[in-house]
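First comes the structure, then the notes that go with it.
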Amino acid sequence: SIFDFVRQQGYPIEKHETVTSDGYVLQIHRIPHGNLNSLMLFKDEILLEDELERRKKKKRPVVFLQHGVFNSSSAWLIGGQKYSFAFMLADAGFDVWLGNNRGVQFSRKHISWNSFTDKEFWKFSFTEMAKFDFPAQIKYVLKFTQVEKLSYVGHSQGTTQAFVALTLFPELQKKLDMFIALAPVCSLKHQQSKLLAMVTKMNTEMLFSTLEGIGIGEIGATQRNRSVLPKLTQSLFNEAWTVLSDCDIDHAILPILSKYEPSPTSLQNLIHWGQLIKSESFQSFTYPASSAKNSTPPKVEKYDLKKIIDVPIAVFYGTLDYLANPSDIEEFLMEGLQYSLVYSKKIIGFKHNDFVWGKRARDEVYVYALHLLTQ
């Protein structure tokens, strides 16, 4: 398991759970302190126990890491001590927390629905992750650690849900002392992702209605889906794997990467991303008229980044990113974050997932991010 992998790397790991206000049970992982291998210096068993107790009690700055789409908390871990930002932060003295959005392999429980049999479970997109998952996880960590503020690091969709949450709930802005945005995504006007291009070419209203009708709301690699998913949606998942592995990665970590990623998400979430391309607007999910039946579809909300004024934000982006295109970041995101942007770094040759698994990430991203977090 990923927990065994973390312990093999020499780190402690804890499992926590919180329930969102709409009933999803989310698993949060914690690395409370740095590498345990340094404890080998303590030959005396009593001294060893004393040092472990001291580490547990020491108050550390809290940082929360949120994964992207088709990822889970594993994304921050599978690079091992050599490449993973989570381990680097733990060794630098941080209390590290890793979020898991609804639907990924660690967050497949609900107080009423079964993720394998109830299609209602999968009726969500990143809007719900912003409205429910983000606040629930942040509030849980703040309460557990008994601190007033934490630092937030998001990658890809992990930035998207944070941007939405911070525009909808201004009070949450005062809970973050820094927001590190890695390959942030809001505008998709210039994106070049084959995966999203596939989605935008579909008749998404018909696809949504058809799959909802037969009870399929998940895009994932479960055994059930392998047997019943139409070729079209399975090809979407296959393309997701191609997208994830397209970065300057050390091939030694590919076996562990393929074991834990890609993580499942909802079809509705992927359709939502496709809608952003068509609308050229940063907005909520547009429900097909056919899905409303006897009710009025929810009104589409547009998200205004200028409402984010109380969180210092640092943006890291790559010149070869097919999804978080530099033009979108410079023309839309940075303009929108005019009241909160404190730092930006464009990295030559970086693709979307170089920010979590790339061989150059430590030297070209993490060192700079760590400096910002410790200022």
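Cβ coordinates come from backbone N, Cα and C, glycine included.
Features reported for this protein in TrEMBL:
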type	residues	note
ACT_SITE	S156	active site, nucleophile
ACT_SITE	D321	active site, charge relay system
ACT_SITE	H352	active site, charge relay system
DOMAIN	4-79	domain 'Partial AB-hydrolase lipase'
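Here the Cβ of H352 (active site, charge relay system) has 27 other Cβ atoms within 10 Å, regardless of which shown protein chain they belong to. Rounded to a whole number, the distance between the Cα atoms of the residue listed as 'active site, nucleophile' and D321 (active site, charge relay system) is 11 Å. Put simply, the residue listed as 'active site, nucleophile' is 8 Å from H352 (active site, charge relay system) when counted between their Cα atoms. Its Cβ taken as reference, the residue listed as 'active site, nucleophile' is surrounded by 26 other Cβ atoms within 10 Å in the chains shown.
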